[in-house]
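Engineer: Quick one: the structure is below, questions incoming.
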């Protein structure tokens, strides 16, 4: 007697199989917990820009581990990630952070904004707005915004939607854990228009800094 298999189950299995089929060769080294990450962050850890899910690939190991802990203890307010992070043991957090930190980021940047928005985004990212006490992004996140150390992650390779959402989260206090409260202080001084402009400009930058971009600060 043939057993009826619900179409929903067939589609779910097919989707999961497709995700694993598309996974990078390094997926063989992935910890089991990473299987829960790919639906939002992708098999290569580059996120889903359209949905606002961030890039994880190549971010600092300690930074990634810290973010999982912040989600678990509420320092970062996100219902989905809180539910994912709370059950993880310290060893599982370390394994996930180590794995994603070693993935090589890839992909194309978003289209460059035009007009006044592009000019304002570039100004804030490379020079800041010192009259309002807003330092340039590259002062902490490095030339090309590719990240510096464990506390200042790469901004390039992230979507405009994600960057904008995080600045707003720093501003309203739903995200914390920043060294010395730096991002909270900076975000409070930024207008919504500035937040959107710098997010769009950063999302349009290449994963590797160009000489011209690095030399403008």
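For all residues, glycine too, the Cβ spot is worked out from N, Cα and C.
Quick paste from Swiss-Prot:
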- 1-28: signal peptide (SIGNAL)
- 29-104: domain 'Cytochrome c 1' (DOMAIN)
- 37, 40, 41: heme c 1 binding site (BINDING)
- 116-206: domain 'Cytochrome c 2' (DOMAIN)
- 137, 140, 141: heme c 2 binding site (BINDING)
Engineer: When secondary structure is assigned with DSSP, how many helix, strand and coil residues does the domain 'Cytochrome c 2' (116-206) contain?
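Structural biologist: Once the DSSP states are binned, the domain 'Cytochrome c 2' (116-206) shows 57 helix, 5 strand, 29 coil.
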Engineer: I need the neighbours of the heme c 2 site defined by 137, 140, 141. Which other residues of that chain put their C-beta within 8 angstroms of the C-beta centroid, in sequence order?
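Structural biologist: Here the non-site neighbours turn out to be 135, 136, 138, 139, 142, 145, 148, 152, 155.
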Engineer: Work through the binding-site residues one by one (37, 40, 41) and name whichever has its CA nearest to the CA of residue 141 (heme c 2 binding site).
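Structural biologist: For residue 141 (heme c 2 binding site), the spatially nearest of the binding-site residues is 41.
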Engineer: Taking every protein chain shown into account, which of the binding-site residues 37, 137 has the largest tally of Cβ atoms within 10 Å of its Cβ?
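Structural biologist: Most Cβ neighbours within 10 Å: 137.
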Engineer: Can you check what DSSP calls residue 37 (heme c 1 binding site), collapsed to helix, strand or coil?
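Structural biologist: DSSP call for residue 37 (heme c 1 binding site): coil, neither helix nor strand.
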Engineer: Looking only at the domain 'Cytochrome c 1' (29-104), what are its DSSP counts of helix, strand and coil residues?
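Structural biologist: Final tally across the stretch: 45 helix, 3 strand, 28 coil.
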Engineer: Using the structure shown, find which entry in 40, 140 (the binding-site residues) has the sparsest Cβ neighbourhood within 10 Å.
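Structural biologist: Relative to the other binding-site residues in 40, 140, 40 has the fewest Cβ atoms within 10 Å.
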Engineer: Near residue 41 (heme c 1 binding site), which residues of its chain come within a Cβ-Cβ distance under 8 Å, counting only those 6 or more away in sequence?
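Structural biologist: Listed in sequence order, they are 47, 48, 53, 54, 55, 56.
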Engineer: If you measure residue 40 (heme c 1 binding site) to residue 137 (heme c 2 binding site) at Cα, how many Å is it?
Structural biologist: 27
Engineer: Rounded to the nearest Å, what's the C-alpha distance separating residue 137 (heme c 2 binding site) and residue 37 (heme c 1 binding site)? Just drop the number here, would you?
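Structural biologist: Answer for this pair: 28 Å between alpha carbons.
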Engineer: I need the CA-to-CA distance for residue 140 (heme c 2 binding site) versus residue 37 (heme c 1 binding site), whole Å please.
Structural biologist: 28
Engineer: Residues near the heme c 1 site, 37, 40, 41 excluded, by Cβ within 8 Å of the Cβ center?
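Structural biologist: Close Cβ neighbours, site residues excluded: 36, 38, 39, 42, 45, 47, 53, 56.
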Engineer: Return the average pLDDT for the domain 'Cytochrome c 2' (116-206) as a whole number.
Structural biologist: 97
